[in-house]
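The next block holds one structure in the form of structure tokens; read it before the comments.
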Amino acid sequence: MLGSLLLLAPLAGAAVIGSRADTKQCPGYKASNVQENDRSLTADLTLAGKPCNTYGTDLQNLKLLVEYQTDERLHVKIYDAEERVYQVPEKVTPRVDSGDGSSKDSALKFEYEEEPFSFTVKRDDEVLFDSSAENLIFQSQYLKLRTWLPENPYLYGLGEHTDPLRLSTTNYTRTFWNRDAYGTPANSNLYGTHPVYYDHRGESGTHGVFLLNSNGMDVFIDKTADGKQYLEYNALGGIFDFYFFTGSNPKEASIEYSKIVGLPAMQSYWTFGLHQCRYGYRDVYQVAEVVYNYTKAGIPLETMWTDIDYMDRRRVFSLDPDRFPLEKMRELVGYLHDHDQHYIVMVDPAVSVSDNGAFNRGLEQDVFLKTQNGSLYKGAVWPGVTAYPDWFHPDIQDYWNSEFSTFFNAETGVDIDGLWIDMNEASNFCPDPCTDPERYSSENNLPPAPPPVRSSSPRPLPGFPADFQPSSASRSQKRIVKAKVGLEGRDLLNPPYKIRNEAGSLSNKTINTGIVHAGEGYAEYDTHNLYGTMMSSSSREAMQYRRPEVRPLVITRSTYAGAGRDVGHWLGDNFSKWEHYRISIAEGLAFASMFQVPMVGADVCGFAGNTTEELCARWASLGAFFTFYRNHNEIGNIGQEFYVWPTVAESARKAIDIRYRLLDYIYTSFYKQSQTGEPFLQPVFYLYPEDENTFSIDLQFFYGDAILVSPVPDKGLTSVDAYFPDDIFYDWYTGTPVRGHGANITLSNIDITHIPLHIRGGSIIPIRSSSAMTTTELREKSFQLIIAPGLDGTASGSLYLDDGDSLEQKATLEVEFEYRKGVLHIDGKFELHASLVESVTLLGQGKGGSRARREDGTKKTIQTNLELSKPTEIKLE
């Protein structure tokens, strides 16, 4: 959340496209001392000629390590012989085991040329990666490697960005340097770094390439003058630490990636409800009024959020004593909990440099970043002059745990249920060089003035405590440099190679890259892209420290590869524009399916600027089919809570009704991803990997394996040209079969409160019999089963249930459904008591039998009142 403050400080230098000195004369390396066995290969790499020293000093001696880790994964690591060059710390990215794979059984084959050294990775004699396109460069502050690609490749990934799902292959640059990117502009570096790409090749399969490197980087995708396609890495440091992985289809490739960066965290049942937030709620009374208005409008609100407005002068771990006093905050949270609702607030990393508890305790424990002369490093953010936690400090977790357990104490503080962390790229409003953050804060009115104080709510809020009603109704540290932490003598502020950072210099609007962290002695230059993910890990641990037995929900803005192990992600400060509505689909799909961060969603209706009734109504429907569903907007703009407009309210009620009835399907699919890496939200080509027409689709998607979502894409439209692959589908609302033939079908007369949904043939979907106002109430509803037979007449599905919140489950329900030859087979593990299955609906039917309650030529529903307690068979035809 940056907002209008961007206008107050121009960028320190325009964005510069990665500088391109002539590197073609660089000699590359020669391989020698090659040692090879069935599981691995090692070699020495020696500079093959006179150093070119284009953007630093060429390293004379390197090492090569190749590991056949599994049949589907190959590890190729090129690093300095002395192992002094920085490598991503294992505490951030735990390394996978080297495995027990072998070259004989591996689907991937490694081949190399000795001089100049280059390597290829093949799958069934098909070249997937070929570094012979240019000589390898490994310098003190610059690494370069180029691989050939096939003509017109289908590439995906390389996030975070707001470009199309399928990446451009001409004159395209992806830059990795996390920044506070207000408005999430296209063709620029945004909040996160995910240096992995997927290359989908239809029938021959899908493979991915993950470069474990956290340094600033440009990735170029382009063609040579003679038309040859390539992809090129240009990094400011680190090593080449590649993981190649493959699958017969993109879903399998995504599963393989999860084995490298880690499986995503399972979320609590309630987190899939509707969330409401706004930057600019003036006091606790307005927050309470929003909660009341949702109830009054009959729109289920699961979780209420508060932005930095609750803080005393924007200081973390504080409450505005006049607008958000502790007593009232505890009453608000108590009301929410009494009504089976939840509460979340924001915590930023930057701590106000002032006489306050969080700063004083951090100063005493010496856990803030320091300059090289040992003084406190200071920036400027919302509270004014700030210090930044050093996530590498050995005592940082104790400090963070203590602040959380005190401020968010269930008995004496604000008893939050989840956490929102923001500004953790890290953001710094003070432009580079930030030599006087005090003056900058003063000149830019940081912290901003709060709104006038109110003593009570201006309107009655039935059900809230008496004091919520109108007055008429009631009243320098030494750093030790070790191995793998970075070469000495580098220019950490202005490296010779300039990546295309939209903010200009590396330190502009963020932490100074010359800072050296406590503990191991890592430089911010190398670890900048890890700051947000390290805050995420520490924050998740702090949340578990105060509530050890439950799953913590943490939503972050900044991410690095593997962040899904700890957190979910919202897509940042978007605009209330149709193009942002559309691009949120591609963004969400990339995070959920390719980056293994499945708890993801955009600010519904848009964050910045004034939304419109039509846009918000459409977005209320679309947002319901992401995993994370939150309405949020910016101070100074019109209110956009779903109850503000009648059509938006109706759209939200209809979409939430469907979402909540599907919540166990969502929960089951999410659980599966947390256990296996199999994606829940998926691009269309994930399910139809041999249909080339699907490879570029990013305005439709699958909500799990069973539901095709085809939103209306633009203003003023009441129709959508939806692509239906060669398969059978069923209209969600009517059950009418739709036979796809690999072509578009125009869906017409789509009301503003409606979103087209189709069930994929071959699916069995468990749904609740009706929706509810809270997820707690929802869990008491009975089940229904929808059977949508595929072209072969069969269908399958599953249901997973647990207590919905605990980290460790004492009992679960894990049921598999199969339909074949007119019989429904139910089997599985039945430890947990579940609601009855009151009915089974079979789609695609003509006249039904005597047990059919309803027959209309498209479906029949059979009353069952079945208890899910043992294996069962039900004859349906």
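If you go along the chain as it appears here, the first residue is 1 and each next one adds 1.
Yeah, the Cβs are placed from backbone N, Cα and C, and that goes for glycine too.
In the three-state DSSP reading, Asp422 (active site, nucleophile) counts as coil. Other Cβ atoms within 10 Å of the Cβ of Asp422 (active site, nucleophile), summed over all protein chains shown, number 26. If you look up Swiss-Prot, you'll see Asp422 marked as active site, nucleophile.
In the three-state DSSP scheme, Asp573 (active site, proton donor) is classed as coil. Marked as active site, proton donor by Swiss-Prot on the basis of similarity to another entry: Asp573.
Packing against the compositional bias 'Pro residues' (447-463) from elsewhere in the chain are residues 282-283, 285-286, 288-289, 292, 295, 309, 313-315, 320, 322-323, 335, 339, 382-384, 469-471, 473-475: each is 6 or more residues past its ends and has a CB under 8 Å from a CB in it. The feature compositional bias 'Pro residues' is assigned by Swiss-Prot to 447-463.
Feature annotation from Swiss-Prot assigns region 'Disordered' to 432-476. In the region 'Disordered' (432-476), helix, strand and coil residues by DSSP number 10 helix, 0 strand, 35 coil.
The annotation signal peptide is assigned in Swiss-Prot to 1-14.
Between the CA atoms of Asp422 (active site, nucleophile) and Asp573 (active site, proton donor) there is a gap of 11 Å, rounded to the nearest whole number.
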